[in-house]
Amino acid sequence: GVWKHSKSEGHDDYGLLVSEKARKYAIVNELNEPVSLKDGSTVLQFETRFQNGLECGGAYLKYLRPQEAGWKAKLFDNESPYSIMFGPDKCGATNKVHFILKHKNPKSGEYVEHHLKYPPSVPSDKLTHVYTAILKPDNEVRILIDGEEKKKANFLSADDFEPPLIPAKTIPDPDDKKPEDWDERAKIPDPNAVKPDDWDEDAPMEIEDEEAVKPEGWLDDEPEEIDDPEATKPEDWDDEEDGEWEAPKIDNPKCETAPGCGEWKRPMKMNPAYKGKWSAPLIDNPNYKGIWKPQEIPNPDYFELDKPDFEPIAAVGIEIWTMQDGILFDNILIAKNDKVAESYRETTWKPKFEVEKEKQKAEDESTDSDGLSGVQKKVFDVLYKVADIPFLSEYKLQILDLIEKAEKQPNITIGVIVSILVIILTVLFRLLFGGKKQV
């Protein structure tokens, strides 16, 4: 893919532009000196704008380790070792602002990717957005979009990163085997139960309603469909090549006012004698021992960690694949003070964003006189925010998939909203009244 130094649409401000569709892109800039992530706070921030939207593609940055790790700037690619990967990624069911820490396991020496759990969604418009990751010395990381905190996590918490940086203290014993006589069935068929003598397994589920009477005025001799009297044989119809021409069928107009046409048959009704196949009722299993699990043993790979062993950042790279062009990167910042990042947001990002937002609002109002297009965009923005609600995290992919379908088929937006409301009400019901937690 060809990078271009290009103006942001509607501005005199330049950025780094993805100029071609369906391409891989790679570009890297080495820093004058590596930035340590171990001393105090570190802020990673950049702006990106999807000028043609984003249906399938990445727009994230990679913060690379020093070249001693085994990479060269001119050979920068997806294999080049990074410390942190941060930014938007959207395609199909994937819709997230990535935050990935590549951390060295102190026991094995291998580098492992640790993904932030339940990251925020990518804004769905064509405006410039600013993405911020703040790494704090107390092991906290905060993800901001447009200066608004969307996610707070702890690097050492198993609830926040997958896989966790600190392994579990114990693991299931891989050599432990389930005993052959272990019975996991909570219920079993009653061995003493006997099928009743009057139980007819062959009785049909439905039978004819003998009490039904043919409605008065039923037209026995009229078919439900007739040849279209207005249809004519096409002039270019060739009986030898096309076969014998037949007029298309239409609903018989005589049947519209009559209770029915054609041969009348008694309707079917449920058979009161139907019982289906007999099976013994279930009773508590006297030999039930519960669901078997292997015993826990100390994890040989366990280690303790007070702080992540962050690798320094020696370069910033963009290494993406995208189906869209028009992705514009700007104002890439690494700072040690979040006030510096905040100042950049106020002075460089916000003025652009406000201009774009007003222009977008005017376009939405002119696109559709009844405002439907603009309303739908606002609805989608709200739905993406709903997907980020923490208590809906286990349903996030399902919700995002529904939103994606609605964006492609706006006529089903109402149905999607109803589906998402059903998910929310289901979760709320479980929270209020209990229920088995999903595995």
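Including glycine, each Cβ sits where the backbone N, Cα and C put it.
Taken from TrEMBL, the feature disulfide bond covers Cys56-Cys91.
As annotated by TrEMBL, region 'Disordered' applies to 155-252. DSSP places the residues of the region 'Disordered' (155-252) in helix, strand and coil in these numbers: 4 helix, 19 strand, 75 coil.
The compositional bias 'Basic and acidic residues' annotation in TrEMBL covers 172-188.
TrEMBL lists 198-211 (among others) with the feature compositional bias 'Acidic residues'.
Per TrEMBL, compositional bias 'Acidic residues' is recorded for 218-229 (among others).
Residues or ranges marked as compositional bias 'Acidic residues' in TrEMBL: 236-245 (among others).
Taken from TrEMBL, the feature transmembrane segment covers 412-433.
For the compositional bias 'Acidic residues' (218-229), same-chain residues at least 6 beyond its ends with a Cβ under 8 Å from one of its own Cβ atoms are 246-252, 254-255, 258-264. Taking all protein chains in view, 14 other C-beta atoms sit within 10 angstroms of the C-beta of Cys56 (disulfide bond).
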